[in-house]
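K.L.:
Following this message is one structure expressed as C-alpha cells.
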Amino acid sequence: MSQTFAVILLLLIFLTHLVSSLIQDFSFIGFKKASPNLTLNGVAEIAPTGAIRLTTETQRVIGHAFYSLPIRFKPIGVNRALSFSTSFAIAMVPEFVTLGGHGLAFAITPTPDLRGSLPSQYLGLLNSSRVNFSSHFFAVEFDTVRDLEFEDINDNHVGIDINSMESSISTPAGYFLANSTKKELFLDGGRVIQAWIDYDSNKKRLDVKLSPFSEKPKLSLLSYDVDLSSVLGDEMYVGFSASTGLLASSHYILGWNFNMSGEAFSLSLPSLPRIPSSIKKRKKKRQSLILGVSLLCSLLIFAVLVAASLFVVRKVKDEDRVEEWELDFGPHRFSYRELKKATNGFGDKELLGSGGFGKVYKGKLPGSDEFVAVKRISHESRQGVREFMSEVSSIGHLRHRNLVQLLGWCRRRDDLLLVYDFMPNGSLDMYLFDENPEVILTWKQRFKIIKGVASGLLYLHEGWEQTVIHRDIKAANVLLDSEMNGRVGDFGLAKLYEHGSDPGATRVVGTFGYLAPELTKSGKLTTSTDVYAFGAVLLEVACGRRPIETSALPEELVMVDWVWSRWQSGDIRDVVDRRLNGEFDEEEVVMVIKLGLLCSNNSPEVRPTMRQVVMYLEKQFPSPEVVPAPDFLDANDSMCLDERSGSAGEFEDFVDSARFYSGPNETTTSSIFSFSGKTRTDPR
C-alpha cells in the first residue's frame, strides 16, 4: 500500500513539473478574469476595470502579483539560463500631483511569497536583514524616490537589480524616438507606460526599453552584459512588486505578455483597461472650481463657453450611445472620421475582400506607420450583429502571437466597424488552392504555419480564462503575417464558456467540409469539433487541395477518404502536393498526414486534443503508429452539391436538417451528408 502511494506521489510530482515545463508564454490584456492564474498578496487587488492595483494611496504598504505557476528558466540538467522576453504596461498615480512613491519592479524570484519584505525603498522585495539576498533574485526597478542608501541616481530612474536593491546599472527614465532622439519620461505622471525586457542567453545581454506608445523602440534605454545563469534557478516565479512609503502612489499593471520561446508581443495601449485614477477625481474638483469662477467672468467668456457647449452637444448627438459591452471590451473606440481617412474613404483600391458579413479594407492610421484591416459590417447582415458585438466584448481580450488581434471598433449610427491587425501576406487558402499562386510555400513554411495555428487553437481551448470554440477553422481563416507566421482569424462564429462547463447545443454554423459529424447531428459544441476542422487544414496543407473537390475523380472527391485509401495501399507520397516537387521532410509530412487522419476521424473519442497535437508537432511525442480508419462512405450517394459551385469548400451554411449516409459497416455516420431540409446562408 505504501509503495502504491509513493508511486502515485512521484507521478503527481512528475506531472506538475511537466505542466510547468510546457508553459512557455502567456498573455493578459487586463486581468478581470485572471485571478486563477495569479498569486496576489499584500494590498494587491484586481480593480473593477480589470487592472491590477498593486498598492493604494496608503502609506507604507506593499503589493505583489505573480504568475501562479513556476517558469522553467534552465534546460533539465544544464546550468545555462534560457532567453526570455516580456512586455507589460504600468501606470503610477501619485497621492499628490508631483509627489508619490516608491515605485514598482518586475521581479523573478524563487517564490511568489514575499510577505516578509519591507515597503518604502525596498519596493516590497527585501527587508533590511536580506539586503545581501541569499536566495537569488532578479528585478528591473521603476523607482520614483531617490534613496541614498542604495546610491540611487535620481527620483525618476530605471535600474537592474541582481540579488540586491543597489542597482547594477541604472539610468534616468526615458525613451527613444525613431530618429534616435531621447525623450524624458516621468514614471509617476499617471501616464500609461509600456516596458520591454529581453534577455539573450547567447549574447548574455539584457535590454530594457520604455515608451508611452504601443510601438517598441529600436534603441534600448538600458543594455547590460550579464550572464543570469548564476542568478536564476531551474524554476522561478515571475511577477511584480510595489510599495509606498511616507509618500504614496497607486501602482497599476494594465497588461502583460511573457515568452520563453521568442520575442514577447507589444501591447496595444488603447486596448488596455482604464486606470481608476484618483487624479481624475481631483481634476473633476478643479473643473468644478473653474466653472464656479467662470460664472463670475465677463459676458464674452460666457458666450465662448456656451458656443463650446453647443459644439460638444452637436458632436455627442452625432455619436452612438456607449453600451455596456463596449465598456467591458476596453477603452479604445476609433472615430468614424479616423477610419474613413485611414481607408481613403473606404475606397475600392483599399478593398481586401468581401463576404456575407461585409467588406474588409486596408488602412493606415493617421499619424502612424501602422497598417490595419478594417471590417465594415454590411447592413444586409444586421441580424446577429448585436450578438456578434456581445462576443467581441470578450474576444477583444484574447492575445496570442498566433491569433489576429482585434484592436478596436467604431460605431456611428447603424454602422459597425472592427479594426484588426493587418496581415500583409493574406490568407493560407490563396497559396494552397490558387491555380497559379505568386509564391509556392515550401514545406518548411507550411510546417511552421501548421504549428502556429495549433498553438493558437491550444490557447483558445485551454490557455485563456474561458474556453473558446472557434467554429470556423479553415485555410481561408488562417492569415499570414509579414514573417509568414500562421494566425487564426475571423472570430465571428466563436462561442465562449467556462472551463469544465457544458456549452450546450447550438445552431450548426461553419463551412461545408469542415463540420464534425456529431455537430451536424446534435448541434453540440466541443473543442473536438475544432480539432476535426483542424484535421482538414492539416491535410489541405500537405495535399494542396480542398476537403471536397467536385471536379476531381470520384475516388478523389473526398480528401479524407482519398488520403486514407493511399495510406492503406502504401502510396502515401502520391497525396503530397506536387508543387513541392518532392522537396520536403518525409518524416514531418507523414506525421502531419497521420495527425490529419486522426483529427478527421468521425468519432470524437479518437481525435486528439489540441495539447496532444501541439506535442506531436513539437516532436515531444513520437508520431502515432496506429491510425484508425476515418469511416468510409460512397460520396456519390451521400452528397447533394450545387454543380455550379465548383467546390463544396465555398459553402458557408447553417443546417436546418440533414440526412446522414451510413458507411459500409453501417455502424457509423460520415461527415459528408445530403440535405433533406433547406439550406440558408448564415448572415455574417
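Note: Cβ is positioned from N, Cα and C throughout, glycine not excepted.
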K.L.:
For the set ASN179, ASN425, ASN636, say which residue Swiss-Prot annotates with N-linked glycosylation site.
P.N.:
ASN179
K.L.:
Out of ASN132, ASN601, report back the residue that Swiss-Prot marks as N-linked glycosylation site.
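P.N.:
When Swiss-Prot is consulted, N-linked glycosylation site appears for ASN132.
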K.L.:
Could you state the whole-number distance in Å separating the C-alpha atoms of ASN259 (N-linked glycosylation site) and VAL360 (ATP binding site)?
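P.N.:
Cα-Cα distance, ASN259 (N-linked glycosylation site) to VAL360 (ATP binding site): 31 Å.
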K.L.:
To the nearest whole angstrom, state the Cα distance for the pair ASN37 (N-linked glycosylation site) and GLY358 (ATP binding site).
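P.N.:
With distance taken Cα to Cα, GLY358 (ATP binding site) is 38 Å from ASN37 (N-linked glycosylation site).
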K.L.:
Note the mean pLDDT of the region 'Legume-lectin like' (25-259), expressed as a whole number.
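P.N.:
Mean model confidence (pLDDT) across the region 'Legume-lectin like' (25-259) is 91.
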K.L.:
Using all protein chains shown, find which of the glycosylation sites ASN37, ASN179, ASN259 scores highest when you count other CB atoms within 10 A of its CB.
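P.N.:
Answer by Cβ density within 10 Å: ASN259.
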K.L.:
Quick one: pull the CA-CA distance for SER354 (ATP binding site) versus ASN179 (N-linked glycosylation site), whole Å only.
P.N.:
39
K.L.:
Have a look at the recorded positions ASN179, LEU352, VAL360, ASP472 and say which one has the shortest Cα distance to ASN127 (N-linked glycosylation site).
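P.N.:
In terms of Cα distance, ASN127 (N-linked glycosylation site) lies closest to ASN179.
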K.L.:
Would you mind ranking the recorded positions ASN127, ASP472 by how many other Cβ atoms sit within 10 Å of each Cβ and giving me the lowest?
P.N.:
ASN127
K.L.:
Go through LEU352, VAL360, our binding-site residues, and report the one whose Cβ sees the most other Cβ atoms within 10 Å.
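P.N.:
The most densely surrounded of these binding-site residues is VAL360.
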